[in-house]
Amino acid sequence: MERSVDVLIVGAGPTGLFAAYYAGFRGLSMAVVDSLPETGGQVTAMYPEKMIYDVGGFPAVRGRDLIKGLVEQAAPWEPGYLLGRKAEHLRDGPDGLDVLLDGGDVVHAGAVLITAGIGEFTPRPLPAGDGWLGRGMVHFVPSLDVHAGQDVVVVGGGDSAFDWVLALEPIASSVTLVHRRAKFRAAESIVREARQRGIRMITDAEVTEMRAGADGALCEVLVTPKGTEEPAVLPAQTVVAALGFTADLGPIENWGLEIDRRAINVDSTMATARRRVYAAGDVAAYPGKVKLIATGFGEAATAVNNIAVALNPEAHLFPGHSSNAE
Ligand SMILES: Cc1cc2nc3c(=O)[nH]c(=O)nc-3n(C[C@H](O)[C@H](O)[C@H](O)COP(=O)(O)OP(=O)(O)OC[C@H]3O[C@@H](n4cnc5c(N)ncnc54)[C@H](O)[C@@H]3O)c2cc1C
């Protein structure tokens, strides 16, 4: 597949999604590529059920609702989403830049805006879950509804594990948390809430085996306490392996940019050291940088307006007020 756009946005987290809106507002065509299967970056992957209190205009907004709003806001301009696809190589093309995706597809772009956050997430593996991904094991829960009425085992001891446990408890048939240590990394308040709700927690124990029923679907897991060989058998149609993620800029490190401690140096227009390549959001670095959703939104607007001028020197940097748009 080959496609041509004015701007290719690399990363569909909050910054990339807002950049997609802004590109549309500026009359630019855009595609948004993300190696995750869902939009929303860190918010969707790590804390979709948490409330966020520091996004302008929302006294409190649930992570997944903020992402839904961003997707809706960009929708009128029909961003071409390329989800589950990694941007691997960047090279100069005949009309700008070419970005090669995994699998060999090419996107020709007048400019590239990198909104890659903390990079590509790779979930930490659950050894007993080898071969079960997509067959009963998941690393995150984009939609709670599919787990209604199920027996769910959540593995992990951090914030995400507890977030899933608390979110699934009201709708699942049963939820059990399994953690290999006695102490949790999660915030005390959510551990307390899980205890108050009487959620079953098995600590100092590991999931040692996952078993399918006659229909081939996951039906139970074996949980073995440390130092014993006597596993407990738990019914389970879903195992959520919430063992955290490693994040890595990966291929972007080889794109000829100035990279310092996993972030890309930019100037006040959000331009990188490479012509027509811009960066915004968590991945962009400059003196005084604060990594927040709110700052990512501002940087996305700055980047896209400067891209509009770079692509068309006749264009104004100031976009006009959206409140005056039709
Ligand atoms: C638990 C937790 C709670 C938080 N709470 C808050 C809060 O209350 N308020 C706040 O402002 N911030 C909060 N943050 C931080 C906030 O989530 C980040 O600042 C924000 O997500 C950054 O958005 P982004 O779009 O720049 O990057 P990200 O959200 O990291 O998205 C980047 C996307 O780029 C993709 N990507 C990377 N490399 C490639 C590649 N080569 N090809 C294709 N795709 C690629 C990734 O898969 C990812 O989806 C929190 C973070 C965490 C972990």
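Cβ coordinates come from backbone N, Cα and C, glycine included.
Binding of FAD is attributed by TrEMBL to Asp34, Gln42, Tyr47, Ala87, Phe121, Asp282, Ser323, and within the candidate set Thr15, Thr238, Thr302 the record adds Thr15 to that site. Same-chain residues at least 6 positions away in sequence with a Cβ under 8 Å from that of Gln42 (FAD binding site) are, in sequence order, Gly13, Gly117, Ile118, Phe121, Asp282.
Among the binding-site residues Gln42, Asp282, Ser323, the residues whose Cβ sits under 6 Å from any atom of ligand 1 are Gln42, Asp282. Here the binding-site residues are Thr15, Ser323, and the one with the most other Cβ atoms within 10 Å of its Cβ is Thr15.
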